[in-house]
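Only one structure is covered here, and it is reproduced in the block below.
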Amino acid sequence: MEQPLCVLGIETTCDDTGLSIVIDQKIKSNIVISSANLHVKTGGVVPEIAARCHEQNLFKAIRDLNFEIRDLSHIAYACNPGLAGCLHVGATFARSLSFLLDKPLLPINHLYAHIFSCLIDQDLNKLQLPALGLVISGGHTAIYLVKSFYELELIAETSDDAIGEVYDKIGRAMGFDYPAGSKIDSLFNKELVKPHYFFKPSTKWTKFSYSGLKSQCLNKIKQISANKTRIDWSELASNFQATIIDHYIDHVKNAIKKFAPKMLLVGGGVSANSYLSNRISTLNLPFLIADSKYTSDNGAMIGFYASLLINGDKN
């Protein structure tokens, strides 16, 4: 009897430590331990602190999995992109397990795993290729042309800040704890959105740039804070969110015109944003957005994508 495909997925690219058991492309357990509370004071991730937390959390997480690791068939880990120290901790842990258990080791691209996370718990027959892979997270903002599980072509990326990073910096200026994306999204009111409240970034469609919008928004926050003691941030939050998401969608529209994809695959922490999902639904293409359990960094998406690659090799 053939052994089931049983993959351990390891995620340590930023501040979330993730371990998951994926058996025959089904998520059997998924442990995520975040160190975000340790980064609240700085308003962003401190790489050295995050790496030390991974060292402690990986051993706790593997105990919490409550799984006999000798039954694994493969070990997969996020190898790039990410914070160097955090990646090193995850890679060392994965290599050590691979050596001790004599199991095959698969290095996995973190962004590709985000893209295909929208297929978790889905019928894979829904996948239509070529597709556009949309990555919108705290560390990355990009669009990929997805030709197969193995072949992804980068067609647009940020030249400075990622969307999620801007959300966190704007949220910090408004007095919100890190991470701030969900708080800003909760304040969104379409009725408060005004034309030209902020100037939309002007860039080539193959590049995103959000540093200018970030500066506009921070200056506006300073003006409002100087003139008011009690502040309702709803108007500013609504216009900020509309501007930054609409700009991203403009790039997606250009990519659709150029590459004629059959569907959209959406992943990353910002994919949980309500306005983003609303705008994507207007693009007249089938789309899949990752379940909220899998939008932030997690081991399940690493193990799941590894399973897709392994099965592809078998076929």
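Every residue gets a Cβ built from N, Cα and C, even glycine.
There are 31 other Cβ atoms within 10 Å of the Cβ belonging to H114 (Fe cation binding site). Under the heading Fe cation binding site, Swiss-Prot lists H110, H114, D297, citing sequence analysis as support.
Sequence-distant contacts of S137 (substrate binding site), defined by Cβ-Cβ distance under 8 angstroms and a gap of at least six in the same chain, are H114, A162, I163, G164, G267, G268, G269, V270, S271. According to Swiss-Prot, the feature substrate binding site maps to V135, I136, S137, G138, G139, D168, G181, D185, N273.
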- Message: Measuring Cα to Cα, how many Å separate G139 (substrate binding site) from D297 (Fe cation binding site)?
- Response: 11
- For D297 (Fe cation binding site), identify the closest of the binding-site residues V135, G181, N273, judging by Cα separation. V135
- Query: Over all shown protein chains, what is the count of other CB atoms within 10 A of the CB belonging to G181 (substrate binding site)?
  - Reply: 24
- Note on the structure: Cα-Cα, H110 (Fe cation binding site) versus N273 (substrate binding site), nearest Å, comes out at 20
